[in-house]
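K.L.:
Annotation source TrEMBL lists NADP(+) binding site at B:Arg48, B:Lys54. Residues or ranges marked as FMN binding site in TrEMBL: B:Arg125, B:Ser126, B:Ser127, B:Asn238, B:Ala239, B:Gly278, B:Lys293, B:Pro294, B:Thr295, B:Ser296, B:Ser297, B:Arg319.
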4 protein chains.
Amino acid sequence: MSGNTFGKSFCVTSFGESHGPAIGCVVDGCPPGLAISEADIQRDLDRRKPGQSKYVTQRKEPDEVRILSGVHDGVTTGTPIALVIENTDQRSRDYAKIEDVFRPNHADYAYMQKYGRRDHRGGGRSSARETAVRVAAGALARKFLSERFGIEVRGCLSRIGPYSFEARDWSAVNQNPFFCPQPEQVPELENYINKIRKLGDSIGAEIYVEAVGVPAGWGEPVFDRLDADLAHALMSINAVKAVAIGDGFDVVNQLGSQHRDEMSPQGFLSNHSGGVAGGISTGQSVTARMALKPTSSIIVPGQTINAQGESAQVRTTGRHDPCVGIRATPIAEAMLALVLIDHCLRNRAQNADVSPTPGPIPGQL
Amino acid sequence: MSGNTFGKSFCVTSFGESHGPAIGCVVDGCPPGLAISEADIQRDLDRRKPGQSKYVTQRKEPDEVRILSGVHDGVTTGTPIALVIENTDQRSRDYAKIEDVFRPNHADYAYMQKYGRRDHRGGGRSSARETAVRVAAGALARKFLSERFGIEVRGCLSRIGPYSFEARDWSAVNQNPFFCPQPEQVPELENYINKIRKLGDSIGAEIYVEAVGVPAGWGEPVFDRLDADLAHALMSINAVKAVAIGDGFDVVNQLGSQHRDEMSPQGFLSNHSGGVAGGISTGQSVTARMALKPTSSIIVPGQTINAQGESAQVRTTGRHDPCVGIRATPIAEAMLALVLIDHCLRNRAQNADVSPTPGPIPGQL
Amino acid sequence: MSGNTFGKSFCVTSFGESHGPAIGCVVDGCPPGLAISEADIQRDLDRRKPGQSKYVTQRKEPDEVRILSGVHDGVTTGTPIALVIENTDQRSRDYAKIEDVFRPNHADYAYMQKYGRRDHRGGGRSSARETAVRVAAGALARKFLSERFGIEVRGCLSRIGPYSFEARDWSAVNQNPFFCPQPEQVPELENYINKIRKLGDSIGAEIYVEAVGVPAGWGEPVFDRLDADLAHALMSINAVKAVAIGDGFDVVNQLGSQHRDEMSPQGFLSNHSGGVAGGISTGQSVTARMALKPTSSIIVPGQTINAQGESAQVRTTGRHDPCVGIRATPIAEAMLALVLIDHCLRNRAQNADVSPTPGPIPGQL
Amino acid sequence: MSGNTFGKSFCVTSFGESHGPAIGCVVDGCPPGLAISEADIQRDLDRRKPGQSKYVTQRKEPDEVRILSGVHDGVTTGTPIALVIENTDQRSRDYAKIEDVFRPNHADYAYMQKYGRRDHRGGGRSSARETAVRVAAGALARKFLSERFGIEVRGCLSRIGPYSFEARDWSAVNQNPFFCPQPEQVPELENYINKIRKLGDSIGAEIYVEAVGVPAGWGEPVFDRLDADLAHALMSINAVKAVAIGDGFDVVNQLGSQHRDEMSPQGFLSNHSGGVAGGISTGQSVTARMALKPTSSIIVPGQTINAQGESAQVRTTGRHDPCVGIRATPIAEAMLALVLIDHCLRNRAQNADVSPTPGPIPGQL
C-alpha cells in the first residue's frame, strides 16, 4: 500500500526531502548481470541537474550518486540496489518567511491537511528535487532495455507557452538547456523565458517522449495496461496535469477509419495508437505527451490564508524555476523506462514460455 | 503483480470474457456496515447497459448482477463481495469470419503476441463488456462515499467529433442516451451519430467527471498521488487515449499567476488544479476529462494481416457501437469512485489519528 | 492490501461464506496454454469433500466447480480464471441457538470485534468450507508444476493425538479417509476417532507435505523466502498453529556438523534443511509439517460470554469434524503447490535470463 | 512483487550486503507525529550488535544508524523514513579461500543457482548482518505500539541445545548475553557454548516472543491472518526452520475441551491459542516461538562441491557465531512489532469506523 514504491516487478522505493540530509531510492527486482557504474547513472542525473543554465533554479547541487548495495565487481547481483544523493546546497532560511502561509496551488496546504504537519523547507517531500531519484533509477532501466532489447527511450520539449516544436532533430535535443528539438528556435525561447522571469511569473510546458524498439506483448490488462501504467507514471511527476498516448485528445474528432493503424506484412502503416492496443504493446513505438503546469512558487503576490485560516498574502522569493517543464524531459524519459522494464519483467513472469507469432516486424512505425 | 486487480485497499479483482459464461469481480476491503442490495448495483448497471437505444450496440444483455458473498442481512460484513453477471446474448458466430485476421488497432493482435493464443469471440477479455464489472464495483464505492462523506460523483459527455458541451444541466444528463448535459443539442447529436453509422464508421468522444465534497488529504505521494491513480484508472478503460486533471493540457499556455488557485477564509477562489495539489486532494471538487478513440470494429474495409502474417482485408459486421464514448460516462464515474474510496481507506491506514487543521471549507470551488 | 488474495504473481483471490450462495476464487496470472477442465479440478476437490466417511462432518456438499472465465477450448488463455462452487446443503437453523454466544477459541468473537458484526451461520467466512477454494486453485498449480517441471506435490497425515506415522506407503494414502501412510494402522485410528466423537470432543493432528523435483533457485529473499511464504501459506489454513520446514524444531538440539546437508557431485547427502537454503530452493525435496488444533465446535459444554458480555455456557451441536486434520492433507498440498507456482513465476520475472550453473542434480535428496 | 519489502501498510524495504558500503532500509507508511531519534533506534540496535561478548561473532561493528529522511524536528512527518548503517569492520580477505566452494546448507549455492552469480564476501545479502536493519525498523514500530496502545513486545531465549528455559524473570533477560530468562543458568550456558566453540561446531536454539496489550481485531483473513503473517515474518529470519503460535505443535495431542480458551466477563481463562483466533487478535497476549538451526559456517570439515561441480572439502574460519540463536531475540521482537503495526494500520483502513463491542478486557491472559 506504500505510495512511495513504483512498479510491481522492478520496484523503486523513493525517499528524501528537499532540505533533509539526502534523497535516494532502493531498486528491488533488477535482473542480475547488468554492468552498471555510478558514472552511468551520473550521466543521466547531470542532464536534469539544477543550476546549469540561467533558465532554471540557481540552486547548485552536485547531485553525486552513490551505490550502496546490489552491485558487485561492477555488475548487478540481483539484490536490492540502494542509490543515495546527499543534499548540499540547502538555503533553508529562504523559507522561514513562508513557513506560516500556504502558497496557492502548492502542495503545502494539502500536506498539512493530510499529515497534520509538514516540512516547510523547500517543499520538503513535495519538492521537484525528489525527481532526481527517478532519473537515477531510470538510468538502470534504460541500460537494461537498451542492452537486452535495443530499446531507445528519448524525449524533448514539445510545447511551452504559445510555442510548439516538432521532434525533428534528435541530435539537437541535448545541446540546449530546454531539450528543444528545433535548435533554430532556441534564441527566441531564451527571450521568452527571460521575459517570464522578469515578470516574476512562471509558464507551463509540454514534453514528448517515445520508446523505439519495444517488443509486442508488454502490458497487463485489464487494469495494469501499459498505457494506464504510463499515465500513472507521468502523472506522478510534479506539476503534471495531463497525459496523452499516441494521438491523445485529438482522437475525439477522428473517424475510426482515420485512427486505426492498418497493418501489412511490411509493418504498421501509421501510429495513431502510440504503440499500445488493448493495453498491450504492439511493436510500434510507444509515444506519449505530458503537460506541466506553471510552478506555483512565483514573485507575483497572491491571496492566500495562513496556518490559522486567516487571510494573508504570499510572494515566493527563493530560487525557483520559471518553467519546471524545462528540466522535465529526463524525468519523463526515466518514468517511461521504468514502466517498460516493469512490464517486461511482469510479462515474462506469466508468459516466459510464449513464442512470438508472425507479425509486422519490418519497418514498424 | 496481478493486472486484473484495481486498488490497494479497496481491491477489485475482475474476471470474464465477452462470450464466456459470465463476467464479474471480487471486491475485497469494503468496510462493514454498508447497506447494499442487488437493486442498488443494478441501477448503475442499467445506465451502462447495451441495447438501450439505437445509438449503441444492439446486443441485448439483461446484465443482472448477483451478490455471491460478503453481504448478510442486506449489509456488508467486511468479507469479500463477489458480484457475478451471467452472459446471455452471445452471437459467437458473428465472429467466425474474423477469427483468422487481426482487426487494425483492435486488441486481438497484441493479445496473440502476448499470450500466444486468444479468445476471438467478441474480443474475449478485451471487450468493452468487461466494463460492466467496474460499474458494479463502483456502485459500492459511490454508496459508501455518499453516505459517509456526502460525496457526489457525476459525469457527462463533454465532446464528440466536432461538438463540445458544457456541464450546464446535470438534471438532463441521465435523460438522454448520450449523457449530454445540453439537452437542446440532443437532436443534432442523433443526426450526427446516424450519419456516422450509415458510413459504417465510428467517432471519438470526451467524457468529463467530477467528485464534489471530497475532503482534503486523500492521495499518497510521491507515486500514488490521487491524480496519478486517477489517470491510471481512466486510462485503463477501453479506448481511452488521454486523461486530464483540472485544466489539463491548457496549463501549457497558462502563467503561474493565472493558474494558481488563490485561497481565502471563504474558500478557494478558482479550481484550475482539479482539486489536487502535490498529489493530495485539497477539498476542492476533483475534476477530470478523458478522450476515447473511435472503435476499431467498423464496416469500412481496412488493410491488415492474418494469423500467418499475410496481407488481408477486414470488415467487422457484428453489433458494435458507432461511438464507444456514448456509454462511457457511467464507467468513468465508477473509476473515479473506485479511486476515491481506495485513497480514503489508504489515507486512514496511516493518518487515522490526524485531526483536520483550519482551512478553506466554506464555498469550496 | 487485500487479505483475501494469495500470491504475488499467481494470485488467488478467494470469496464466500459457509452458508452464502457460493464460494469461489479468481486466479490471475496463470500462464496461458495449460490444458485444464472442470474434471481436473474436481478430482482434487473430491479428496477434500465433506460427508465422505463417518469420520468427518456429515454435511453433504457435491462441491461441483464451475469455470466461469479464462479457459477457452479447454486451455487457459492467460486471463483471470474464475472458479465457483455453489453451496447447497446449508442447515443454517443449526446455528440459530449459538447466534448470541461466542464459542471459545472460535473465530466469531474476533470477527465481531474486528468488523462490528458477523455472519454467524456456519462460521461464515471463517468456516473450513473456504478451504475448498484453495484446493480448486491448487489443482491448476499442481497441473502446471507437474507438466512443465515434473514436480510432484503430495502429503499425508503424520500425527493425530498420540499416534504418529511415517510417510512410508504413498500408494496407500488416498485409499483411506485419514490420508494415513501406514494402512495397517487405519483400524486403530477408526476406533480412536470414534472414541473422541462419542466424548463429544475433538483432537489435533499433524500433516506432512513434500514437493519432489523442485528446481534450485525459487524464493525471493530477504523477506519472501520460499520457506517464509510456505509458513505463511500453511499457517493461513484454518486451525493451523505451527509450521516446520525440514527438521523443524528438532534443529534446536542439532550440531552444525549434523544438520548441514553435505554435497557431492552425485547430489546432496541428506535433507535436514527441507530443500531451502537462504530462502531459496536448493533442488532437494521441499518438505514441511503443520499442526492443526482440535476444532472448537464441540459438544462438551464450555464457559463463555454472550454478545452482551455476560457469562454464558456453550455446546455446539451442528455437523462438525471430530478432527479437522483428517481432511487437511489436500489443503496443505494445495497451499504448497500455490507457493511453488508463485515463486516459479516470480523467479522468472527477474531471472529468466539466468542459465543454470553446475550443481548436484543427480540423486537429489 | 518485491521480495525485499515487508508489510503492506507499514512497509519496510531492506537493502545491503554484509561487506558492501552500507546496509539500511526505507520505512514507508509510518504515521506522522511519532517522536523518534537516532538514539531511540540505537538502543535496540545495540542489543543485537556483534562483538559484544565472546559468545558471538567477533566482528566489531559500531552499527551506528543515520536517519536520512522522514523525520523533521524530531518527529515523523508521514513521508518515507530512510535508515542507513555504514559497514566498517569488513575482513573480506577471510572469504577469499571459500570463494570457489559452496558451504553445505549455506545460502551461497542457492544464490548462485538463482542469480547466476553471488557476492561471496561474508555471505553478501544472505548474511545475518541484514537483520540489523529489521531491528532498526522494528524500533519505530515498537515506539508507536507502545505510545498509542501500551503494547509491550518482548522476547527471550527459550531453548538451546538440550537446555530449556521458562520466561520467568523478564528483568534478567537483558542482563546477560544470551537473553536467558533464568539468570541462574547463565554460567552453565557459558560453559556449554565454550564447549561447542572449541569443537569448531555450532548449535541450534529456540526464541520465545510475546506482545502484551494487543487489542482485539487485528489480522486480515483468510490469507493475511495475523498468525500467518507472523509465521512469514519469523520464518524470514536467517536460520529459522519452524514457527509456533500459542501451544504450537503441542496441539496435536490436545483435546478440544483442553485447548479452547474459555471466556468469562473477567477475561479469558487460558491462552492456548497464542492470542489469535480465525487469524484475528483476540485481546489475549500474542505468543510465538521460533527455532533457529545451527549455523553452517563451522570449522569442522565437510564434504561439498566447488563452482565447477567437483567434489571438495570446506572449513569456514572467518568470525562466526557458535549459535546464531543467541543474538536472535531482538530480531524476533522486531519482526513481531513489524507485523503488529502493519496489521494495526491495515485494520483501520477498512474498519476505522467500527466501535469495540463488549468483551473480555479485564485480566486478559
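Residue numbering: from 1, along the chain as shown.
Every residue gets a Cβ built from N, Cα and C, even glycine.
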K.L.:
By the DSSP assignment reduced to helix, strand and coil, which category contains B:Arg125 (FMN binding site)?
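P.N.:
DSSP assigns B:Arg125 (FMN binding site) to helix.
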K.L.:
Measuring Cα to Cα, how far is B:Ala239 (FMN binding site) from B:Arg48 (NADP(+) binding site) in Å?
P.N.:
16
K.L.:
How far is it from B:Thr295 (FMN binding site) to B:Arg48 (NADP(+) binding site), counting Cα to Cα, in Å?
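P.N.:
Between the Cα atoms of B:Thr295 (FMN binding site) and B:Arg48 (NADP(+) binding site), the distance comes to 17 Å.
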K.L.:
Since the record lists B:Arg48, B:Lys54, B:Arg125, B:Lys293 as binding-site residues, which of them has the fewest other Cβ atoms within 10 Å of its Cβ?
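P.N.:
Taking B:Arg48, B:Lys54, B:Arg125, B:Lys293 as the binding-site residues, the minimal 10 Å Cβ count falls on B:Lys54.
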K.L.:
Which residue, out of the binding-site residues B:Ser127, B:Thr295, B:Ser297, shows the minimum number of other Cβ atoms inside 10 Å of its Cβ in this structure?
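P.N.:
With the binding-site residues B:Ser127, B:Thr295, B:Ser297, fewest surrounding Cβ atoms within 10 Å: B:Ser127.
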K.L.:
May I ask for the distance between B:Arg48 (NADP(+) binding site) and B:Ser297 (FMN binding site), taken between their Cα atoms and rounded to an integer number of Å?
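P.N.:
Just about 19 Å between their Cα atoms.
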K.L.:
When a 10 Å sphere is centred on the Cβ of B:Ala239 (FMN binding site), how many other Cβ atoms does it contain?
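P.N.:
That number is 24.
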K.L.:
May I ask for the distance between B:Arg125 (FMN binding site) and B:Lys54 (NADP(+) binding site), taken between their Cα atoms and rounded to an integer number of Å?
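P.N.:
Checking the Cα atoms of B:Arg125 (FMN binding site) and B:Lys54 (NADP(+) binding site) gives a distance of 25 Å.
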K.L.:
Using a Cβ cut-off of under 8 Å to chain C, which of the binding-site residues B:Arg48, B:Arg125, B:Ala239, B:Lys293, B:Thr295, B:Ser297 qualify?
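P.N.:
Listed binding-site residues meeting the cut-off: B:Arg125.
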K.L.:
Rounded to the nearest Å, what's the C-alpha distance separating B:Ser297 (FMN binding site) and B:Lys54 (NADP(+) binding site)? Just drop the number here, would you?
P.N.:
17
K.L.:
State the Cα to Cα distance, in Å, between B:Ser127 (FMN binding site) and B:Lys54 (NADP(+) binding site), rounded to an integer.
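P.N.:
The separation of the Cα atoms works out to 20 Å.
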K.L.:
List the Cα distance (Å, whole number) between B:Lys293 (FMN binding site) and B:Lys54 (NADP(+) binding site).
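P.N.:
Rounded to the nearest whole number, the Cα-Cα distance is 20 Å.
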K.L.:
Among the binding-site residues B:Arg48, B:Lys54, B:Arg125, B:Lys293, which ones place their CB within a distance below 8 Å of a chain A CB?
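P.N.:
Sorted by position along the sequence, the hits are B:Arg125, B:Lys293.
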K.L.:
For B:Thr295 (FMN binding site), what is the secondary structure state per DSSP, taken as helix, strand or coil?
P.N.:
coil
K.L.:
Work out the three-state DSSP category of B:Arg48 (NADP(+) binding site).
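P.N.:
Its secondary structure by DSSP: helix.
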